[in-house]
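Enquirer: First the structure, then my questions, so here it is.
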Protein chains: 2
Amino acid sequence: MNVAVVGATGAVGELMRRVLLERQFPLKSIKFLASEKSAGKQIEFACEKHTVQLIRPEAFAGVQIVLSSTPSSVSKEMSPIAARHGAIVVDNSSAWRMDPQVPLVVPEVNPEELDHIPKGIVANPNCVAIPLCVALKPLQKISRIKRIIISTYQSSSGKGAKGLADFDAQLGPWVRGESVPKPTAHRAQLAGNVVTLDWTLDPNGYTEEENKVINETHKILGDSQIGISPTCVRVPVKISHSESINVEFFEPISVEQAKAALATAPGVILMDELKGEFPQPVHATGSDHTFVGRVRQDPGNINALNLWVVADNLRKGAASNAVQVAEELIRRGIVK
Amino acid sequence: MNVAVVGATGAVGELMRRVLLERQFPLKSIKFLASEKSAGKQIEFACEKHTVQLIRPEAFAGVQIVLSSTPSSVSKEMSPIAARHGAIVVDNSSAWRMDPQVPLVVPEVNPEELDHIPKGIVANPNCVAIPLCVALKPLQKISRIKRIIISTYQSSSGKGAKGLADFDAQLGPWVRGESVPKPTAHRAQLAGNVVTLDWTLDPNGYTEEENKVINETHKILGDSQIGISPTCVRVPVKISHSESINVEFFEPISVEQAKAALATAPGVILMDELKGEFPQPVHATGSDHTFVGRVRQDPGNINALNLWVVADNLRKGAASNAVQVAEELIRRGIVK
């Protein structure tokens, strides 16, 4: 495959490069594109030096698959241009996710959506929605979902390299008991704190992030009737998002049924609390899997279960999911 | 009042001493009791030196109010002895909480329970249940509660001084990128991590802490029919617990109604998300109030609301609530 990585020098772009190598993605050629700030930089990839090129229309000539992780504004402009050059763009921004002509794909959940890509663009979902859907899809196959109540424990790296830099700058002084510098990327002190308004508040009282979880989960699970109630929260963790999920079905699913379905579900690692195991950010970081544990009956509702889900937000929540989408494009013969 | 502080040298006991002074509790005499390990130590209180005495039956002679924070095993033995000496014991352990003859009291919620103290013992509730009930009581007065789904973000100090020491020992190496020492109080690495099995797992698949939240909330709110579904989680924060709460009522309550009730509710500070305000551990720490914010309609259920609640687990969740119970005992003329 002839591949271009757009936004190659950002946190997710860098990880896309690593994941392509780790997963031995079938590459014929690769090029790295970025904005003016990073164009001209040297990058090493598979023991070869590459010069980062400026994102511009001509750069997409001959490219079959574009893996893109740029701000939405850049994607809105450049993704259609790349598609017009004949490439399929797998786009990690939120620019195209809710476009009805753009499939929003988690390969373990709705790969069949890739069979119809009218704009040449596939959207990579939000980093909370991806593990949520990976964990719920095997259960949705057993019974239709009525409601989802989710509270998240999201890591600093959800705000990319600048989030991590902000968090790191706070940590030293906080640990030493000194005054913590004003946050530069997060919206409040994150060291030793918990921040629920770390995103813009929309008029409905939910944050942009929470509304993404609602809308994208509806689209990925293919059921806009599910009542979804999210509370998104940033916690002082560097990488990996955790999710406390209460899911109510139209028909009851026993814990045994749920565990059996999850144990064999693609992309899921089921953890056994009786062995003292439970999903943790420190274990999930570096993995492409979604870790699911603490599967238990809701004591207040016979039709509901509680789950605890953790996944690496930079990998499964972004870079790895995009590369897996590209792999699926090849597997389905959509890109040859 | 003649007061004894039992477990005076522990994390909560130390704070009880501070809270007694801050709140100008009407003291005639005070004595400090502790186990053999701490007996004999010198303590300064209100600019006077006191020697910590060993907990033994004779020490309770003449004492009217005992503020106790000891392990359950100690309380099981000593609290009845103190009560037999004529004192009312306000006990912070979990030993007596579910005893039907022991009131479990949050002064803002169910102070009337103090009018009947058959065993001479009043129990101070769990640090998650207290702010939960302070926040929900004003809403329960409007409509009966059907279900509560709660996910917590609990601080290290929930495990007392040894929790904080463990967390502190991990933080330095973690910040420097070195290997983190094995946890000594928490059940997994807490620095840069999120730990949901930080408590013993009960046979029903819920942890001891989660079962406390269920049982104690039923008792404090006086309604054992409420379906309560908790997920308790330790986060890398030193002091103050946060709670993401979804509460379903039998009749719908509008956001405006809920905010109006919370704005005037005792012990509650309502925060306005439109001003960018939201409850945060760093703000709640040091306060005796329960901070409530992000009051919003559940998009999936017209009868449900979401709330974000934060309170200082050592103060409102333990020491301050106990002192407030003692104040209420005086106000009601139960101790004269």
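Cβ atoms here come from the backbone N, Cα and C positions, even for glycine.
The domain 'Semialdehyde dehydrogenase NAD-binding' annotation in TrEMBL covers A:2-117. Here TrEMBL flags A:THR9, A:GLY10, A:ALA11, A:VAL12, A:LYS37, A:SER38, A:SER157, A:GLY158, A:ASN313 as NADP(+) binding site. The phosphate binding site annotation in TrEMBL covers A:ARG97. Under the heading active site, acyl-thioester intermediate, TrEMBL lists A:CYS127. TrEMBL lists A:GLN154, A:GLU208, A:ARG234 with the feature substrate binding site. Per TrEMBL, active site, proton acceptor is recorded for A:HIS241.
How buried are these features, and what lies next to them?
Expert: The helix, strand and coil residue counts that DSSP assigns across the domain 'Semialdehyde dehydrogenase NAD-binding' (A:2-117) are 34 helix, 30 strand, 52 coil.
Within the same chain, the residues at least 6 positions away from A:SER157 (NADP(+) binding site) whose Cβ sits under 8 Å from its Cβ are A:ALA11, A:GLY163, A:LEU164, A:LYS238, A:ILE239, A:ASN313, A:LEU314, listed in sequence order. Secondary structure at A:SER157 (NADP(+) binding site), taken from DSSP and collapsed to helix, strand or coil, is helix.
Neighbour list (A:ARG97 (phosphate binding site), Cβ cut-off 8 Å, at least 6 residues apart, same chain): A:LEU104, A:ALA123, A:PRO125, A:ASN126, A:LYS212, A:ASN215, A:GLU216, A:LYS219.
Taking a C-beta cut-off of under 8 angstroms and a sequence separation of 6 or more, A:CYS127 (active site, acyl-thioester intermediate) has the following same-chain neighbours: A:GLN154, A:GLY158, A:HIS241, A:ALA311, A:ASN313, A:LEU314, A:GLY317, A:ALA318.
Cβ neighbour count for A:GLN154 (substrate binding site): 25 (other Cβ atoms within 10 Å of its Cβ, all protein chains included).
A simple way to gauge crowding: the CB of A:HIS241 (active site, proton acceptor) has 31 other CB atoms within 10 angstroms, across all the protein chains here.
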Enquirer: Record lists A:THR9, A:GLY10, A:ALA11, A:VAL12, A:LYS37, A:SER38, A:SER157, A:GLY158, A:ASN313 as binding NADP(+); longest Cα-Cα distance in Å?
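Expert: For the residues that bind NADP(+), the greatest Cα distance is 25 Å.
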Enquirer: Can you tell me how many other Cβ atoms are located within 10 Å of the Cβ belonging to A:LYS37 (NADP(+) binding site)?
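Expert: Looking across every protein chain shown, the total is 9.
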Enquirer: Under a three-state reduction of DSSP output, how is A:CYS127 (active site, acyl-thioester intermediate) classified: helix, strand, or coil?
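Expert: Going by the DSSP assignment, A:CYS127 (active site, acyl-thioester intermediate) belongs to neither helix nor strand, so it counts as coil.
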Enquirer: Give the distance between the Cα atoms of A:LYS37 (NADP(+) binding site) and A:GLU208 (substrate binding site), rounded to the nearest whole Å.
Expert: 28
Enquirer: Between A:THR9 (NADP(+) binding site) and A:ARG234 (substrate binding site), how many Å separate their Cα atoms?
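Expert: Cα-Cα distance, A:THR9 (NADP(+) binding site) to A:ARG234 (substrate binding site): 25 Å.
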Enquirer: Largest pairwise Cα distance, Å, within the listed substrate binders A:GLN154, A:GLU208, A:ARG234?
Expert: 14
Enquirer: Please list, in sequence order, every residue of the chain apart from A:GLN154, A:GLU208, A:ARG234 whose Cβ lies within 8 Å of the Cβ centroid of the substrate site.
Expert: A:THR152, A:GLY158, A:LYS159, A:VAL195, A:ASP198, A:TRP199, A:THR207, A:GLU209, A:CYS232, A:VAL233
